[in-house]
Ligand SMILES: Nc1ncnc2c1ncn2[C@@H]1O[C@H](COP(=O)(O)OP(=O)(O)OP(=O)(O)O)[C@@H](O)[C@H]1O
Ligand SMILES: [Mg+2]
């Protein structure tokens, strides 16, 4: 009865063994092949009888001695009593060979089952995948746009080369960012995430070309154009985020230059037409004024001392003289006066101008700092006119500070651009934003009427233009104002 069961069971086991879909072989610990299943025989085009009792090393390698442990998984199974898997390539195919020990009650190996799996497809897919991955990595790395990806918790997982440059981490010894939040000014990352989740802003999980600010490793705030996306897994859960940044600094710089140039152009057009107008008016007024002065002086001469009309007439003459001064200034502004040029070091001109400042009282409570560069800074200018410019800038500065503060006069040059610079900085209250584009207009003044004509800066503008230079407000704010004068450097011909 037992024999029947045993035999039945044996048959059953053999059938199972035979129907295994992987080619499988049973080996004894002495390397003798016991049996191979149908798939194995098909694969090797063998029959059971020929295989049986062959040594495995002979069957596979036509050798007469067992292989070395380092080459042979069977030997290793015998040594370790553990299963072994090896993958190898055979005639263009990839195989996984799995060697499993069958142990007896004492833990000794009684059989080794070797089963062969064709993993060519898996290997091909793996290699395709790794090629695709490599291609994606190369595309991402070589992109001119900065690309950053972070996981669900905001931990940065990827930063391509452009991003490393943009965020200034290229030569950093230690990695400065723990979390993507640190890539933005405080609180901004959260705002970006809620914009990303907002379906009305470019679709769920997407942002396209929005302006943003990022913070580099050195703390610099950089304007960028940002496109971002949330990456969802198959169950629609957020699994990562990625963002692409394009640096806007160059664009902003160009836009600013363009705007400045447009403003300058508008300013010089305005000044040119105002200049023509001023010249016309000055000429027209000059002759009647001369008449008024001449006749009133003649009348004054004929009036005996003590005549009450003398005082009135003196007022007429004084005001007429004041008008003459204004006319003269207007003519300078409109460049209708002669120019006598002379080569002079800008520092010398500055010193002369300070000496010429008539009302020295106004400087009593002002500390004056002169930072005069001692480079060769010659200019070829009408020294009288240029002094007038400098004096007006100094007096304006003193007026702005109400006679109390700090005045800094700085000279320097740009050798390659062949330009000489003069800066006059004060610690006054600054120029109001709405007045900034009016200060060079003739008669624009915020000072009490009668004290000022508002011609100082417009005259200065005309003079500096005449010398091929430029006058501008370099900086203004509650901490003070800096005027900048730019003049062409005089380069003596080499002898
Ligand atoms: N350093 C300065 N700080 C603040 N405001 C200034 C400064 N320089 C000039 N301004 C402003 O520009 C205006 C025009 O200056 P500008 O020199 O042309 O005329 P003014 O000083 O008012 O009169 P004038 O020079 O004829 O006596 C001033 O009234 C003042 O509002
Ligand atoms: Mg002035």
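From the backbone N, Cα and C atoms, a Cβ is placed for every residue, glycine too.
Whatever TrEMBL says is automated annotation, not expert-curated.
Going by TrEMBL, these are the annotated features:
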- 244-271: coiled coil (COILED)
- 79-131: domain 'PAC' (DOMAIN)
- 132-203: domain 'PAS' (DOMAIN)
- 208-260: domain 'PAC' (DOMAIN)
- 280-491: domain 'Histidine kinase' (DOMAIN)
Quickly jot the same-chain residues contacting the coiled coil (244-271) by Cβ under 8 Å, restricted to those at least six beyond its ends, or write none.
143, 145-148, 163, 166, 211-212, 214, 222-228, 437, 440-441, 458, 461-462, 465
Can you break down the domain 'PAS' (132-203) into helix, strand and coil residue counts using DSSP?
31 helix, 12 strand, 29 coil
Tally of DSSP helical, extended and coil residues in the domain 'PAC' (208-260)
12 helix, 30 strand, 11 coil
Average model confidence [pLDDT] within the coiled coil (244-271)
87
